[in-house]
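The following features are taken from TrEMBL:
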| type | residues | note |
| --- | --- | --- |
| SIGNAL | 1-29 | signal peptide |
| REGION | 33-52 | region 'Disordered' |
| COMPBIAS | 37-48 | compositional bias 'Basic and acidic residues' |
| DOMAIN | 92-127 | domain 'EF-hand' |
| DOMAIN | 131-166 | domain 'EF-hand' |
| DOMAIN | 272-307 | domain 'EF-hand' |
Amino acid sequence: MAVLRELWSRNLLALCVSAYILLSLDVHARPANMSSSKDKSAATKDENEILPPDHLNGLKMEMDGHLNKDFHQEVFLGKEMEEFDEDSEPRRNRKKLIEIFTKVDVNKDRSVSAKEMQNWIVEKTKEHFKEAMEENKNSFRAVDPDGDGYVTWDEYKVKFLASKGFDEADVAEKIRKKEELKLDEDTQEVMESLKDRWFQADNPPADQKLDEEEFLSFLHPEHSRGMLRYMVKEIVRDLDQDSDWKLTLSEFISLPVGTVENQQGQDIDDDWVKERKKEFEEVIDSNHDGIVTMNELEEYMDPMNEHNALNEAKQMIAVADENQNHRLELEEILRYSEYFTGSKLMDYARNVHEEF
């Protein structure tokens with residue numbers, strides 16, 4: 001079952017965000033959601049720079065409605081997340097983790113409060129935003145060949161199809177002559193989803209071309225309130241089974257209709273269900289009436305919601321707070337290093353004090 005959950009967490013469901021599908025995957029049968037950007041090779045990232053990313057760093061929920069399993073590591077480590085892995089030297093990782101602890105511990109009392117962790121999470125989220133904006137500048141230049149500060153839908157379509165293996169010059173010529181493009185069914189499906197998303201990012205008055213700011217909304221909907229609302233609408237649409245535009249607990253913990261796992265039946269890992277249930281009841285359903293509205297989900301999805309950051313801080317502290325003082329000491333963070341960094345430290349307490 002754990003294997004199935006891993007497949008789920010790495011597979012993008014067939015929402016409008018099927019635009020996120022990578023080049024080598026079967027779009028129609030099994031879209032994919034790669035849940036960690038550090039898994040991408042440099043070559044793969046270059047090929048897909050003009051595509052909306054398949055994973056939104058620093059967001060608690062993915063575009064497919066699945067909980068981001070790496071969220072707490074992303075908002076604790078920020079850019080340094082890639083430096084921690086199982087193959088890294090334990091002493092080096094321990095030293096790096098101690099350095100992070102000293103930064104979070106602003107008042108230098110050798111413990112981390114919920115407020116300090118909240119501030120740190122907000123800071124790391126802003127860091128993800130800044131990184132996305134820098135990447136967007138490069139991506140925008142790649143799809144704006146004439147450098148006029150706008151990307152038309154046709155310009156983007158040429159670059160997108162080229163990234164899918166089509167001949168760029170041939171596609172550009174056919175579009176210029178308004179000739180029909182012979183696309184396979186899967187590629188056509190993705191193109192339609194992309195175009196719908198493009199129109200959503202195109203601020204009024206709609207002109208089917210995006211400036212750099214609109215293109216940022218297209219690639220990173222978390223940067224735009226309107227696109228965030230659109231993302232929420234798509235998630236609710238695909239999880240909502242009775243079409244009332246609200247989510248019950250049973251709808252939230254179910255797999256969207258049409259996925260391979262759903263078709264094969266109730267083979268869902270118990271831990272996965274418990275995680276979804278806890279998030280629904282304790283965090284998303286803010287008025288605890290058993291129903292999640294689109295407004296509640298939008299607030300939950302908003303990466304700059306400081307109340308959510310505080311909730312996350314408290315949850316992170318609760319995981320490692322062995323002495324139950326509602327704070328984190330260095331030894332506790334080191335003992336639970338796998339939760340905070342994804343890397344398990346051996347002999348976590350050795351030389352702690354002399355390094356600290």
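Cβ coordinates are placed from backbone N, Cα and C, and glycine is handled just like the others.
Curation does not apply to TrEMBL; its annotations are automatic.
A quick note: this is a predicted structure, and the numbers were derived from the prediction, not measured.
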Tertiary contacts of the domain 'EF-hand' (92-127), as residues 6+ beyond its ends and Cβ separation under 8 Å: 58, 74-80, 83-84, 303-304, 306, 309-310, 312-314, 316-317, 325-330, 333-334, 337, 340-341, 343, 345, 348, 352, 355-356
Average pLDDT across the domain 'EF-hand' (92-127), rounded to a whole number: 94
Residues of the domain 'EF-hand' (92-127) by DSSP state, where helix covers H, G and I: 27 helix, 2 strand, 7 coil
